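In what follows, a structure is listed as structure tokens, so that the remarks can point back to it.
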Amino acid sequence: MGSSSNDDFSVFVLASDLGVDATPFLTNQPKQRSGQGDDEETDENWQDCSQYLVSDEDFSDLDLLQFFSLQGSDRSGSRIFRIVGKHFPAQVVSAERLKKYIFHKICSELPEGPFCIIYMHSTVQKDDNSPGITVLRWIYEELPGNFKDRLQTVYFIHPGLRSRLAIATLGRLFLSGGLYWKIKYVSRLQYLWADIKKGELEVPDFVQDHDDVLEDRPLTDYGIEPDPFHLSAATANPISLGRYEERWASREFAL
């Protein structure tokens, strides 16, 4: 038989339904145990945020949209970043500019300590307001490790049936395990106030209106009942019923 190797190896078995990112287990990177190597490795993992504090790019147009803004704090003391999905123009803002803007806001406005994200999905249209799950993963993975650790919870307000299915299936593939398990679904605003005081978060009127609709028609969450905020106006019939009546009356008169 051939010669055997004395090199040690390890076998990792990961369950497919745990949502664990296997990349760290598959990369063969030697670890520095002591000395200057530890500082170099730390510098690689904790990326510098200074490049986003001073930027020549003007983000005033995105600030006016108010789709990503710093709010108050939740009951545990974590600062709140509010995302209003309906206000984001996905068709005109590139993924690169979106990343620069988010990093600029986080690095320049977020104080030290933990923070959470409240994402309002109310009346969001996929083609108009969604940057795509791969873009969101890319932005999250580019965040400095410090901010990933400080992010405590992502509150997903008014998730629809498609959103739940997409995150439950594709989310486990495209979102790292650390982010996937931080997502908390909130179907009604009344459930959000258990974690956040009302005065700490500004809720747009259309979000409250959408919440009222869901409260009166709970099956709308699962796509069973139509949401009146999504219904398009029906086109008027060019031929009215009166014209049909006049046509039949003229025929009877002729007979």
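Numbers here mean position along the shown chain, with the first residue as 1.
Positions of Cβ are set from backbone N, Cα and C atoms, glycine also.
Remember, TrEMBL labels are computer predictions, not curated facts.
Taken from TrEMBL, the feature region 'Disordered' applies to 23-45.
Annotation source TrEMBL lists compositional bias 'Polar residues' at 25-35.
For the domain 'CRAL-TRIO' (61-210), the mean pLDDT of the prediction comes to 90. Taken from TrEMBL, the feature domain 'CRAL-TRIO' applies to 61-210.
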Next on the checklist: Summarise the domain 'CRAL-TRIO' (61-210) as counts of helix, strand and coil residues per DSSP.
Outcome noted: 73 helix, 29 strand, 48 coil
